[in-house]
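**Q** Pasting in a structure now, in structure tokens, and then I'll have a few things to ask.
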Amino acid sequence: MAGTALKRLMAEYKQLTLNPPEGIVAGPMNEENFFEWEALIMGPEDTCFEFGVFPAILSFPLDYPLSPPKMRFTCEMFHPNIYPDGRVCISILHAPGDDPMGYESSAERWSPVQSVEKILLSVVSMLAEPNDESGANVDASKMWRDDREQFYKVAKQIVQKSLGL
């Protein structure tokens, strides 16, 4: 199974290298291990995360693409759909099948036709438009709902930290 996963990851890396999505850089951390990738995601334009540069790690299972990777930001993040430890909570990264909580349709969840590029683009969209109905960070979700101005201030501080300011 790992051979199939490796071939798929190599093909996806080649595609990302030849035609990278705007504002995203991603690839294996080293040539010996194609199952751990690092990514740099630029904050989406016209959002409170604009100008930020956010590093993340994608960890792929040996049965990829049957199972989704896990994604974790390695910098400080404050967002309704990112756990305090950096783990990303987004439908496309959830295993196939029905959502026991009833928030997601099976079509929104992982399937083998998804790709690293689709994951990263979904995360950029998530940064721009948080889903506060299934919050991974309760404090960020509450602030997003109740005090948007304060949320923007905190996000701007995160952006400055991401730039080393």
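Glycine too: its Cβ is placed from the backbone N, Cα and C atoms.
Okay, these came from Swiss-Prot:
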type: ACT_SITE; residues: Cys89; note: active site, glycyl thioester intermediate
type: DOMAIN; residues: 4-164; note: domain 'UBC core'
type: MOD_RES; residues: Ala2; note: N-acetylalanine
**Q** Using the structure shown, find which entry in Ala2, Cys89 (the recorded positions) has the sparsest Cβ neighbourhood within 10 Å.
**A** Ala2
**Q** Cα distance, Ala2 (N-acetylalanine) to Cys89 (active site, glycyl thioester intermediate), nearest Å?
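**A** Cα of Cys89 (active site, glycyl thioester intermediate) to Cα of Ala2 (N-acetylalanine) measures 25 Å after rounding.
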**Q** With DSSP assignments reduced to helix, strand and coil, which class does the residue listed as 'active site, glycyl thioester intermediate' get?
**A** coil
